[in-house]
Amino acid sequence: MPIAPKRCRLVFRKLERDLEKLAAQQSNETVHRFRTSTRRLQTLLEELMPQRTRKQKKLLKILRAIRQQAGKVRDLDVQLAALRSLKIPLEPRRKTRLLQGLTELRAKHEKKLRKTLTKQTVREIHKHLTRASQEIELKSSGDPATAARQILSRVATPSRPLTEDELHRCRLLVKRARYAAELAPESAATTQFITQLKRLQDILGNWHDWLTLTNTAAERLGDVNQSPLVAVLHNMASGKFRQAVAAVAASSALGTGPKPVPLTPSRKPGARMATPTLRQDPAA
């Protein structure tokens with residue numbers, strides 16, 4: 001069944017609204033909503049359209065550049081939220097210093113993002129959105145539910161436990177599959193499927209937030225042997241990793257999952273995870 005017309009129109013309208021809000025204020029919420037809206041449009045054009053026009057490709061390229069800048073702000077927002085939620089008495093001065101450093105870096109990236117979002121740029125994107133929406137051929141579009149399943153089929157299910165790189169790729173694919181499924185006409189089965197994906201996405205996202213914070217803290221404060229705070233963060237990230245792998249293994253949305261979780265992540269404490277490149281999705 002092709003894409004529901006109402007849902008397709010909503011993707012474009014919502015992105016237009018979220019772009020305006022982001023240009024006016026680069027808050028935690030506006031940054032997150034804009035990035036989500038661009039991902040939805042990207043999924044629509046890349047996964048459900050048999051062919052993308054030149055104008056649609058140009059639009060995605062423009063949005064990708066802004067999303068990447070907004071992503072730097074978003075990464076710091078989730079790190080700050082995670083760090084503030086950590087209620088431990090260890091190294092209060094170092095924790096305060098880390099908070100201040102992340103806040104200052106966030107302000108720096110926010111300023112760069114704001115400079116990018118000029119009135120001319122916003123008007124240009126609105127024009128591209130209008131043209132791209134007019135070129136959508138819903139009758140020739142793919143079935144959203146089928147597309148979502150095909151996206152999930154790219155999730156690695158090795159006989160051994162998942163690595164952090166594989167889990168990161170799984171996180172991106174689950175997110176994209178959810179956005180594809182949300183373009184389908186409403187039904188009880190679709191709603192249940194989306195709910196399963198959303199739950200899994202939240203668990204995977206929570207792990208990734210703590211992993212990112214742990215990597216940042218290790219860079220600024222030293223490894224687990226040099227900072228008790230980093231050691232606590234590493235333990236938190238390890239626990240979230242185990243929860244995420246267990247969730248992937250148990251998820252009915254993914255079918256047969258990987259083996260149960262390892263006792264600890266394979267990556268060495270404080271070492272950064274190499275972010276893999278997702279096919280047709282170069283922007284992390």
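In case you wondered, yes, glycine gets a Cβ from its N, Cα and C as well.
Curation plays no part in TrEMBL annotations; they are all automatic predictions.
Per TrEMBL, the range carrying the annotation region 'Disordered' out of 130-160, 254-284 is 254-284. Summed and averaged per residue, pLDDT over the domain 'CHAD' (1-259) gives 92.
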